[in-house]
């Protein structure tokens, strides 16, 4: 297919236009007085949401070159969401700010490669400054503060803090749609491991790309499964009992996987296959953990056991299993409580005796998964539209709180980044274009604060200047419209969320600045409608 190409300033201008359109739609949601965005859905009612990553992912532009820019900013939001779980709107605002200044300077003749170097130097300095400002998250109240700011809802903040207290920092918190109008917390014993479905055809919820199996039997095999004949006797028994199944094995491929997928699509079988977590001896231990938790046995050939001769009483059971592309969560495993506690005690002793930090860390992870349980937050709302928006907020708040526990907290509301201006301002480069890159980041650091104030109906420039002249943790609380000590007022951010957002923003912005040409397919012209035959005129309808 023939291609169209644009070069230089025109290429960068096109990408900037696409980025600007997405950034404008996303940035209106920032801060406690941010607004919502309505997304059209092909089926069902529109989605009213103020979640940056959901908005960014939904935008597709008609102009192919502008759409390239839109896709890049979608990547900023997605990557920030994947790593930090929150802060996607801040990352989008920062990308737009760095890019706007960057393109202005490159159009004026600055060298993009040197400007990129300056941007990277400034970002490293900001990260160091954020480290100096951070303070550990120790109390339940501090966890609640981070979650409250993220969700803009005090009740959600307290619920997440309570969930973290109950399952511990290593425990798993899942968010699901509730069946009532109230949001509730329930702690269920369960385990999560980092292995997703082997094939996306196992998905039962296509919107969330998850496979959810209620009343599930679990086949645990310490081997690769390629032949369907090995599984057939067990699956026939499971189907006869009207239950769902989960296969956890070293791998499932070939004829076995193809047959499972075909039967899943036909609706004959409802189940899923995932690879066993870990490698080598650790995999054997983790399979044993799952077996004890679910009341099953690991079918291993080294023990003289074979899949084709295994019986149903060797299988584990769980009330619910949720598998996405990266994780599997087993909820309410039906194992013997005494055996689970004995296994946990065995792992605790192994931790005490271990001399390797790496082994200790992995053992602690296993212990948390075995004894921590799963906290389930059921999000309630009066309508489905409100529930979806609320659920996205709770997910973000949960991720922000976990990020806060990992790396600590800093003053929120854009104050921490504004305080980093001074350190970046002290950076002096020998080269003018490198210095330009440093100055670009310095100017962009106040963009989130400006946007928060603007969304609250105030003059962003005045608020930025007032915060700049204040000291320490003093900042602008957009919720009350007052200048307060942000830490004391509970307006805090997780260091990890801010750091990841800035890193991704600088990375994508610098990539766009280095762009010199864009190549896209030439849109196909739609053919004109076929003409009628001569003499068809009014078709006798005169």
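Even glycines carry a Cβ here, placed using N, Cα and C.
What Swiss-Prot says about this one:
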BINDING   29, 30, 31, 32, 86, 87, 88, 89, 90, 413, 493  ATP binding site
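For the binding-site residues listed here (86, 493), the lowest count of other CB atoms within 10 A around the CB belongs to 493. Around the Cβ of residue 29 (ATP binding site), the same chain contributes 35, 36, 37, 50, 51, 52, 55, 89, 455, each under 8 angstroms and 6 or more positions distant in sequence. Close to residue 90 (ATP binding site) in the fold, though at least 6 residues off in sequence, lie 30, 414, 448, 497, 498, 501, each with a CB less than 8 Å from its CB. Taken residue by residue with DSSP, residue 88 (ATP binding site) is part of a helix. In this record, ATP is bound by 29, 30, 31, 32, 86, 87, 88, 89, 90, 413, 493; the longest C-alpha to C-alpha distance in that set is 16 Å. Listed in sequence order, the residues of the same chain lying 6 or more apart from residue 31 (ATP binding site) and placing their CB within less than 8 Å of its CB are 413, 451, 452, 453, 455, 456, 478. Of all the Cβ atoms in the protein chains shown, 31 others lie within 10 Å of the Cβ of residue 88 (ATP binding site).
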